[in-house]
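The block underneath contains the structure these notes are about, expressed in structure tokens.
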Amino acid sequence: METVSVEEGLDFAPGMVSQKCLLCMCKLESGGCKPIGCRMDVGSLSCGYFQIKQPYWIDCGKPGKDWKSCSNDINCSSKCVQQYMKRYATHYRCPLNCEGFAREHNGGPNGCHSSRTLKYWELLQKIPGCKGVKFS
């Protein structure tokens, strides 16, 4: 599959999550869409552009060489997000828009329906260029 570059140097994998939505999620997760390595988050390590935890990487099909290197590679990590959404967003009948995907990413399986992921969506909407992001 072909990748789409939304900003110089950022080649997101294609899929059901729009490139704009991936960019907004990436900016929120890594403070500007950067390969920031791993850090502790709610008792376990979260890594890379999308702050992917190991169970998330396993659930997305273990793309790439390993969890940490995939998380710090923009194409591999965005492929993981796309595959995770293909697996869970449809299964849990999440809204197939940026809000549904962002909340599912933040909250895990069925996170799109959890009130605890609303704050994440509100934070994403405050990122310049991300307010009102739907599909494009």
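Cβ from N, Cα, C; glycine included.
Database features, via Swiss-Prot:
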ACT_SITE  GLU29  active site, proton donor
ACT_SITE  ASP41  active site, nucleophile
BINDING   LYS53, GLN54, PRO55, TYR56, TRP57, ILE58, ASP59, TYR84, TYR92, HIS105, ASN106, GLY107, LYS119  substrate binding site
DISULFID  CYS21-CYS98  disulfide bond
DISULFID  CYS24-CYS130  disulfide bond
DISULFID  CYS26-CYS33  disulfide bond
DISULFID  CYS38-CYS47  disulfide bond
DISULFID  CYS60-CYS80  disulfide bond
DISULFID  CYS70-CYS76  disulfide bond
DISULFID  CYS94-CYS112  disulfide bond
DOMAIN    14-130  domain 'I-type lysozyme'
CARBOHYD  ASN75  N-linked glycosylation site
SIGNAL    1-11  signal peptide
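Structure with Swiss-Prot features highlighted.
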{"residue": "PRO55", "record": "substrate binding site", "CB count, 10 Å": "12"}
{"residue": "TRP57", "record": "substrate binding site", "CB count, 10 Å": "24"}
{"residue": "ASP59", "record": "substrate binding site", "CB count, 10 Å": "17"}
{"residue": "CYS70", "record": "disulfide bond", "CB count, 10 Å": "22"}
{"residue": "CYS76", "record": "disulfide bond", "CB count, 10 Å": "21"}
{"residue": "CYS80", "record": "disulfide bond", "CB count, 10 Å": "28"}
{"residue": "CYS94", "record": "disulfide bond", "CB count, 10 Å": "22"}
{"residue": "CYS112", "record": "disulfide bond", "CB count, 10 Å": "26"}
{"residue": "LYS119", "record": "substrate binding site", "CB count, 10 Å": "11"}
{"residue": "CYS130", "record": "disulfide bond", "CB count, 10 Å": "19"}
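Sequence-distant contacts of CYS60 (disulfide bond), defined as residues of its own chain at least six apart whose C-beta falls under 8 angstroms from its C-beta, comprise ILE52, LYS79, CYS80, VAL81, GLN83, TYR84, ARG87.
Cα of CYS98 (disulfide bond) to Cα of CYS70 (disulfide bond): a span of 23 Å.
Counted over all residue pairs in LYS53, GLN54, PRO55, TYR56, TRP57, ILE58, ASP59, TYR84, TYR92, HIS105, ASN106, GLY107, LYS119, the record's binders of substrate, the longest Cα to Cα distance measures 26 angstrom. Nearest by CA distance to PRO55 (substrate binding site), out of the disulfide-bonded residues CYS24, CYS26, CYS33, CYS70, is CYS70. Across the domain 'I-type lysozyme' (14-130), DSSP classifies residues as 62 helix, 9 strand, 46 coil. Taking the C-alpha positions, the distance from CYS21 (disulfide bond) to TYR92 (substrate binding site) comes to 19 Å. Listed in sequence order, LEU45, SER46, CYS47, GLY48, LYS68, SER71 are the same-chain residues six or more apart from CYS38 (disulfide bond) with CB atoms under 8 A from its CB. Counting every protein chain shown, 22 other Cβ atoms lie within 10 Å of the Cβ of CYS33 (disulfide bond).
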